[in-house]
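K.L.:
Shown below is the structure under consideration.
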């Protein structure tokens with residue numbers, strides 16, 4: 001066993017929704033783990049981030065490149081050598097390092113000794129994984145190691161991308177071919193809404209022209225050669241369909257535009273531009289619903305800007321789970337954020353889209369704090385804060401929470417924020433409903449993080465909300481019962497009208513309705529890509545980490561949402577053991593609020609505003 005070790009992660013019991021399995025552990029079986037080295041100079045991260053992203057700063061917009069990032073933040077070689085020596089002292093020789101992560105394979109018995117722990121099998125009713133409730137690291141390595149994975153991370157009781165729970169399944173809305181629909185389009189109403197029949201129910205849905213009007217993108221013409229680019233992320237075996245995009249473009253009179261699909265699989269990348277190329281990679285069975293919706297919304301807004309889909313369909317089993325416990329890694333794993341952002345961190349600026357929309361997320365408390373902070377730092381020191389890239393995430397579709405219990409210990413009742421939407425360095429996007437006037441959607445996620453402190457640019461907005469936007473008795477009730485932490489990062493930042501009416505699109509060759517925060521994030525991402533086009537054509541840098549600018553504008557350029565509320569923790573999700581918290585929720589108010597943030601971006605106003613900085 002490791003001598004002179006300190007407990008690094010510890011939980012009194014398995015998280016909510018998980019139980020220990022009776023399956024015996026074969027200690028001679030191999031498992032693959034990863035040791036994540038700490039970044040250097042993290043004390044420089046936020047000051048540099050603030051200097052480069054705050055309007056009026058002399059360094060505003062002077063984003064760094066890959067070489068500068070590595071010079072400042074790369075773990076020192078000495079740290080890698082120390083960790084490797086520790087592994088070798090236990091007879092571990094199968095070690096591979098990329099300079100920031102050491103991947104190693106050993107027996108479960110040796111892994112137990114290495115980490116002073118006892119791995120066991122745990123189940124959530126759908127899958128069984130090899131995990132532990134506690135592990136230790138040597139005292140003399142605590143200054144260089146972030147964490148070991150996979151160890152104490154279990155994930156959600158059941159996995160899902162944002163926007164799918166409690167929403168109608170994305171299946172054919174009409175039992176006729178998409179080609180027939182395209183041919184009959186001239187008989188539709190000239191308005192930008194249409195009625196889609198799904199399982200005997202008619203859904204009023206909006207077409208691209210409708211959300212173009214909502215976001216006021218108007219007749220703006222982009223210059224694709226100016227350099228603005230946008231991408232979506234796809235996890236959980238989701239990937240967009242080229243043929244469905246073609247049907248979507250034909251149905252709604254959108255100029256033909258393709259997209260590039262970059263698949264990250266087993267440590268290899270593939271740049272693809274048609275479905276036959278996708279099939280040639282040997283990817284497992286895939287779904288199109290979430291990815292199609294995001295891609296089609298963006299194509300319907302960006303008017304010819306280059307679009308990329310970054311797909312992590314499946315992954316190296318050793319990177320995420322012990323290879324002895326899971327046969328199909330794709331089915332077992334949540335969104336592999338540390339792997340995905342580690343890959344992005346290694347790319348040159350020219351290979352990174354300026355705007356990336358991520359519509360996936362999980363309950364914040366399903367992640368280890370060390371893991372969540374690592375992801376936050378990875379995005380902060382690369383994609384958002386310093387490399388001139390903007391990442392948008394959905395704020396979730398469970399209101400202030402569904403199960404509404406802490407993941408450990410007494411599992412006390414509490415609001416449950418969504419990760420990664422509440423991180424300091426992302427733009428969290430909520431959804432609204434109704435077209436005129438827009439109203440907050442009651443199941444959209446929002447609130448305050450339990451992991452991350454209030455962002456440096458948020459204090460005036462949150463102070464105003466806590467003093468004027470929430471009833472004093474409600475504030476006292478939530479705080480005194482520890483339901484939320486008002487000192488945490490407040491989210492969302494922005495919103496978009498993308499749920500009721502539904503969003504019209506094509507799925508597996510048929511027309512269907514969709515919606516949710518998974519639709520709102522790409523819509524706002526498209527607006528930022530258009531704003532980047534405005535700036536790049538004027539010789540200015542891309543907006544990059546735009547959050548300080550959004551908050552500095554104090555609502556200028558955004559449509560404030562003052563109707564409706566987001567709720568939750570009311571027992572409506574039929575989850576065993578869920579907590580019920582009376583009056584849980586947030587009202588939409590004037591200014592920033594934890595329901596719709598600053599509101600809906602108005603491109604027509606913002607395109608002039610962003611040229612002032």
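Positions of Cβ are set from backbone N, Cα and C atoms, glycine also.
Whatever TrEMBL says is automated annotation, not expert-curated.
Annotations for this protein, taken from TrEMBL, read as follows:
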{"type": "BINDING", "residues": "560, 561, 591, 593", "note": "Ca(2+) binding site"}
{"type": "DOMAIN", "residues": "205-613", "note": "domain 'Peptidase S53'"}
{"type": "REGION", "residues": "156-175", "note": "region 'Disordered'"}
K.L.:
Counting across all protein chains present, how many other Cβ atoms fall within 10 Å of the Cβ of residue 591 (Ca(2+) binding site)?
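P.N.:
A count of 17.
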K.L.:
Going by DSSP, give the three-state secondary structure for residue 591 (Ca(2+) binding site).
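P.N.:
Coil, per DSSP.
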K.L.:
If you count Cβ atoms within 10 Å of each one, which of the binding-site residues 560, 593 comes out on top?
P.N.:
593
K.L.:
List, in sequence order, the residues of the same chain other than 560, 561, 591, 593 whose Cβ lies within 8 Å of the centroid of the Cβ atoms of the recorded Ca(2+) site.
P.N.:
555, 562, 588, 589, 590, 592, 595, 596, 597, 598, 599
